[in-house]
């Protein structure tokens, strides 16, 4: 805005007061008047240089939010007169109170030249250009623009507060911010996250100042958007923080289905449970099940249970769930383990020599199968694929081929397919055949090749025959599925027939085939030999069976003899002492047997026969380690000790029983009676002068009469107290250790830990004997045995 000086305005005002020069008057007539006016103006301007009126502060552009207070300043210097404000050129009035404008008033000190315009509760109508004028001084201020900002009156999302949408169908969310000045800006949020891509437009209202903003956000709802909150925020300079409004989505969608199988891997024939888990909005109305595209009747629940077969591996099971919106179908295959099943069968093939042949065989199995092609009667694998390719085939390639499928740990299956190769006849009979002299014989000629032979002829010696009978010879032809058989039958086979070669020749369209067959004699065993061998084998079987029965019987009988006598209340204490020398006078053996001995014999008599029987069946080998073991072999049941004084009571002495024959090392096998029967075993040995130990041991002779049988002998009495010995040289009789000879012969020399020969080899056995663990070579033998029955 250009400021005008007071002199300039005055001149303008004065010039406007001058009358307009008539057009018809000449310029000379007005010249004096112009000069006078000019002189007056100059006089006035020069007369008032210090009292010039001017604006010290003029109104400026302002921006105010609707409802707020606005003040437009206006300050004049050297002026006392009327001041008024104009709004868009319209005078608001004079004075401080503007009655026509209740929200407007002039404020400030007039003495200070302040004529400020105050506007309270600014409205859109206050949005205008304002000017301050000093009327008497003919002064006008520059124009000030007052801009009133209007926030959006309303922010709204179409369709709220809940918008029902269809899953998968695109939809535009529309937000509107009404009557804002300036136009509002709209921002979208999805669950608090700002969204991009909205399209915004504005509409100008009729007042030309306010605008409505429209924003559209394109979404494609899914079932996951159910309950999702979208927020629209509108803002402008009047409301920097903006206004918000929100809506919630309700998405209708077809069922969302998950189909599961339990168990996931099964064998053919096992039971499987299908479970169809579904969520939908609105609610689910029902279920439908199908297999391989065919509806399964009576299956209308979320679970379907059935026994599976191999078809479930290739034909899917589907579950369809539906509601008002639509339906969802989910399918699955079952991992069924099953044996191979053929899909494409191999076909018999006939071809010519030199052609290429392809044999096809297709299997299915689970787990993945292994496929092999082999030729019959051969283990060579020709192919591992569904097809077997044979190039330039010959008649040797003809035959039966096997297509075998293997499913590990499940099963094996195979199919056979014949391959026929056209060619001359091939005779596959044995070159040497057999017959029995004097009986009827047959010579066979078999042709299995293709095509079948048209003619088959036999030739031998000077004879030729295709079919029929010639003397003793007859030819017959038989057709079968595998080929043609021509049989030459010979009646009453003779020696000359074994010296003849038989020629079998066959013809077909590809040529002839020939085979030479030799007939040999078959040896026939006489009927007597066959019958004898049969009878002998039968007898052998019978005897073997009888021996087995006898063996089992004896084992069972032996186990029954191991019994324990528990009810007899008999206690026998036996003390044996043997001095270094023996008495010379001994009483009769039968007289020396005490009453206790007879009692013991009576007790053991029931076992005597069985002991004698088993005596020859046992042979105990002395273990030299027992010599140094201190453990009681009876586990405490028998108290056998050496170097102990005899008790004063219940002592029974027994005479020594001695065989009259040559003395020898007597290591007889122990009794059959085991420890479980409750009876001890005490090994005893014959005694003789030291000189007798050098003789070669001989088998025992018969026992001396008068009670010399030592089988019931328990101990020997020490006759040292009688100072007499029954044998010459008894004073030098060496001590011995029970169970071991003191001075073994040269053939029996052993180290302390070296095993002796079997005891039964040199001596007989004495029942109820044990070796004393404490007897030594240099001390007197002393044995004490307590028996509790």
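From the backbone N, Cα and C atoms, a Cβ is placed for every residue, glycine too.
As given in Swiss-Prot:
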DOMAIN    49-147  domain 'Ig-like C2-type 1'
DISULFID  74-132  disulfide bond
CARBOHYD  78  N-linked glycosylation site
CARBOHYD  172  N-linked glycosylation site
DISULFID  175-232  disulfide bond
DISULFID  276-319  disulfide bond
CARBOHYD  329  N-linked glycosylation site
DOMAIN    340-419  domain 'Ig-like C2-type 4'
DISULFID  361-403  disulfide bond
DOMAIN    424-520  domain 'Ig-like C2-type 5'
DISULFID  445-504  disulfide bond
CARBOHYD  503  N-linked glycosylation site
TRANSMEM  532-552  transmembrane segment
REGION    687-713  region 'Disordered'
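Positions of Swiss-Prot features highlighted on the structure.
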residue	record	DSSP (3 states)
74	disulfide bond	coil
175	disulfide bond	strand
232	disulfide bond	strand
276	disulfide bond	strand
319	disulfide bond	strand
329	N-linked glycosylation site	strand
361	disulfide bond	coil
445	disulfide bond	strand
503	N-linked glycosylation site	strand
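Comparing residue 403 (disulfide bond) with residue 445 (disulfide bond), their Cα atoms are 30 Å apart once rounded. Listed in sequence order, 216, 217, 218, 219 are the same-chain residues six or more apart from residue 172 (N-linked glycosylation site) with CB atoms under 8 A from its CB. Within the same chain, residues at least six positions away from residue 361 (disulfide bond) with a Cβ under 8 Å of its Cβ are 342, 344, 345, 346, 371, 373, 386, 387, 388, 403, 415, 417. Confidence in the domain 'Ig-like C2-type 1' (49-147), given as mean pLDDT, stands at 88.
The distance from the Cα of residue 132 (disulfide bond) to the Cα of residue 78 (N-linked glycosylation site) comes to 16 Å. With residue 503 (N-linked glycosylation site) as the anchor, the candidate recorded positions are 78, 276, 319, 329, 445, and the one with the nearest CA is 445.
Cα spacing between residue 504 (disulfide bond) and residue 319 (disulfide bond): 71 Å, rounded to the nearest whole number. Mapped onto DSSP helix, strand and coil, the domain 'Ig-like C2-type 1' (49-147) counts 3 helix, 47 strand, 49 coil. Reported as a whole number, the C-alpha separation between residue 445 (disulfide bond) and residue 329 (N-linked glycosylation site) equals 68 Å.
The Cβ of residue 504 (disulfide bond) has 25 neighbouring Cβ atoms from other residues within 10 Å, across all protein chains displayed. Residue 175 (disulfide bond) sits 42 Å from residue 319 (disulfide bond), taking the Cα positions as reference. Counting only residues at least six positions away in the same chain, the Cβ atoms of 257, 318, 319, 320 sit under 8 Å from the Cβ of residue 329 (N-linked glycosylation site). Of all the recorded positions in the record (74, 78, 276), the one with the smallest CA separation from residue 232 (disulfide bond) is 276.
Between the alpha carbons (Cα) of residue 74 (disulfide bond) and residue 276 (disulfide bond) lies a span of roughly 84 Å. Taking CA atoms as the reference points, residue 78 (N-linked glycosylation site) and residue 276 (disulfide bond) are 97 Å apart. With the fewest other Cβ atoms inside 10 Å of its Cβ, the least crowded of the disulfide-bonded residues 74, 175 in this structure is 74. Listed in sequence order, 257, 258, 259, 287, 289, 302, 303, 304, 319, 321, 330 are the same-chain residues at least 6 apart in sequence whose CB falls under 8 Å from the CB of residue 276 (disulfide bond).
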